[in-house]
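Quick notes on the structure that follows.
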Amino acid sequence: MEKCKIQLTDGTTTIHIIVSSAVKERIPPDGTPYTWWVGKGNEKHFYWGGSGPGIQKCACGIERNCTDPKYYCNCDADQKQWRKDSGLLTYKDHLPVSQLVVGDANRPGSEAKLDVRPLRCQGDPPTEVSFSFDVGNGPVELLVRSSTPLNDDQWHRVMAERNVKQASLQLDQLYKEVRQAPPQGHTRLELYSQLYVGAAGGQKGFLGCIRSLKMNGVTLDLEERAKVTPGVKPGCSGHCTSYGMYCRNGGKCIEKYNGYSCDCSKTAYDGPFCTKDVGGFFETGTWIRYNFLTQAAASKDSLQSFPQASTNLNLTREDLAFSFSTTSTPSLLLYISSYVQDYLAVVLHQNGTLQIRYNLGGTKEPFKIDVDHRNMANGQPHSVNISRHEKNIQLQLDHYPSVSYTLPESSDIHFNSIKTLFLGRVHETGEIDPVIIQKYNTPGFSGCLSRVQFNQISPLKAALRPRIPSPVGVQGQLVESNCGASPLTIPPMSAATDPWRLDSASADSPFNEERVIPGGVNRNSAIIGGVIAVVIFTILCTLVFLIRYMFRHKGTYHTNEAKGAESADTADAAIMGNDPNFTETIDESKKEWFI
């Protein structure tokens with residue numbers, strides 16, 4: 001059986017296709033049609049223009065006016081005259097059409113003609129909501145327009161009200177139209193038909209979710225009605241209200257018809273819940289550059305033409321977060337330059353300790369924060385979080401508590417005209433701190449960097465996920481890696497055993513490990529615990545000794561025998577003895593005590 005395959009151009013929404021053939025829908029003995037078309041996802045479809053998905057019919061089969069009523073397509077009649085089936089393919093989830101397959105065309109006298117019309121996209125994004133009514137004075141329509149499309153998978157609130165004085169329509173508590181009622185005329189709205197929600201008879205139905213429907217203060221139970229209405233399913237609550245907290249690390253929850261999704265585009269993370277680290281391994285000499293603004297746009301003349309850009313590039317607040325792991329020192333982790341002398345740098349010293357350098361306002365010497373409590377070039381992942389608001393700086397490393405620093409009076413509160421963010425190495429001409437160039441820039445960083453985020457920018461993610469055009473460039477070998485899975489969780493070493501503990505570090509240092517031991521035990525607490533353990537042990541031993549003594553020493557048996565009983569010849573004499581008052585004391589002598 002010979003088949004003919006025709007490749008088509010891609011379309012998006014509406015396809016107008018005319019097919020004329022004597023073999024288009026004939027069904028062979030095995031039940032598979034000879035002709036079909038392939039759409040989105042390489043799926044075969046056996047319905048045609050004027051019909052719908054899952055229905056193996058043409059338009060004439062739907063309208064029941066085919067040439068031969070025994071068939072559902074005109075071309076299936078297999079007549080000698082030319083017959084035609086035509087219509088529109090409008091189900092966009094199956095579009096675009098990628099190919100047509102025509103079979104059973106090699107029989108004598110069998111011919112097929114295919115006419116594919118141009119593909120058309122139609123329909124503007126909906127931005128309007130209307131409220132119309134007629135109380136007998138003529139139709140009245142109120143219309144409000146939104147500045148953004150309303151088919152954005154987000155919830156929108158509509159309030160429509162009519163009384164004897166006026167009518168009003170409000171959308172999202174932002175857009176509102178009010179119409180005063182005429183001074184003369186009818187005021188009562190008399191309705192006798194049923195209430196239709198979503199669509200009225202013969203109209204195109206609403207596709208989406210409706211909830212919290214109230215009429216005259218009464219909440220209508222849409223879920224119960226949806227259970228018995230074909231084409232309507234109950235349960236359309238806001239998923240982000242209940243599950244939005246699962247979008248982590250600044251991810252935005254997006255409502256869907258049957259669920260939700262997390263938008264991670266403005267975070268340094270990836271994955272369905274914005275929890276997957278995006279990291280890269282830097283070979284020696286590899287660096288990343290992210291340009292904030294071109295030199296022309298940042299010039300004094302053009303900054304007046306771009307006031308919004310100039311405001312964003314003169315910062316009074318920065319939030320910087322990233323993770324790294326390396327064994328190579330000295331090296332530069334991150335550097336943010338400017339078109340003036342302002343900059344921010346994060347470097348590792350030769351001994352593996354960390355330093356943050358801020359220079360705002362063109363001061364002679366940068367403000368330095370030396371984190372000299374331990375070696376951070378030990379091959380373990382470490383996290384760094386830096387937040388500045390004007391002259392206040394908050395620094396947090398790994399599991400240590402956040403520490404505050406204050407810029408000197410000579411520093412400016414603005415980070416002026418930021419230009420470029422570098423990872424791994426600085427590579428640009430201009431006024432760069434010579435100390436950075438001489439001590440940390442050669443040969444450059446070698447190791448892993450991950451989850452790098454500066455305000456709303458994720459330069460490392462932009463370099464590894466080039467989905468949209470971005471001002472990022474990569475030099476050298478950059479390989480994606482999960483190196484920043486988590487910060488170091490091993491408790492820090494004590495002062496006595498830490499080889500990188502400097503003698504000059506004061507006991508009041510913000511990173512004093514005698515004071516901050518996550519996952520460990522404070523020395524004073526250990527002493528108190530030991531004393532309590534000794535006391536409890538002593539009490540237990542005492543109780544055991546007393547219990548054993550009471551069970552072994554059962555007591556002494558005493559009798560009140562007569563005096564001289566030891567020398568008596570008989571037992572009676574021993575009892576009676578020489579006591580003249582025996583009869584008076586006999587009862588007393590028989591008394592016994594058990595102790």
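From the backbone N, Cα and C atoms, a Cβ is placed for every residue, glycine too.
The disulfide bond recorded by TrEMBL for Cys236 joins it to Cys209 [selected from Cys209, Cys253, Cys262].
Across the domain 'EGF-like' (237-275), DSSP helix (H, G, I), strand (E, B) and coil residues number 8 helix, 12 strand, 19 coil.
Neighbour count (other Cβ atoms within 10 Å of the Cβ, all protein chains): 17 for Cys236 (disulfide bond). Tertiary neighbourhood of the domain 'EGF-like' (237-275): same-chain residues 153-155, 208-209, 211, 321-322, 450-453, 456, 458, 460-461, 465, selected by CB-CB distance under 8 Å and a gap of 6+ residues from either end.
Cβ-based neighbour count (10 Å, all protein chains) for Cys209 (disulfide bond) stands at 17.
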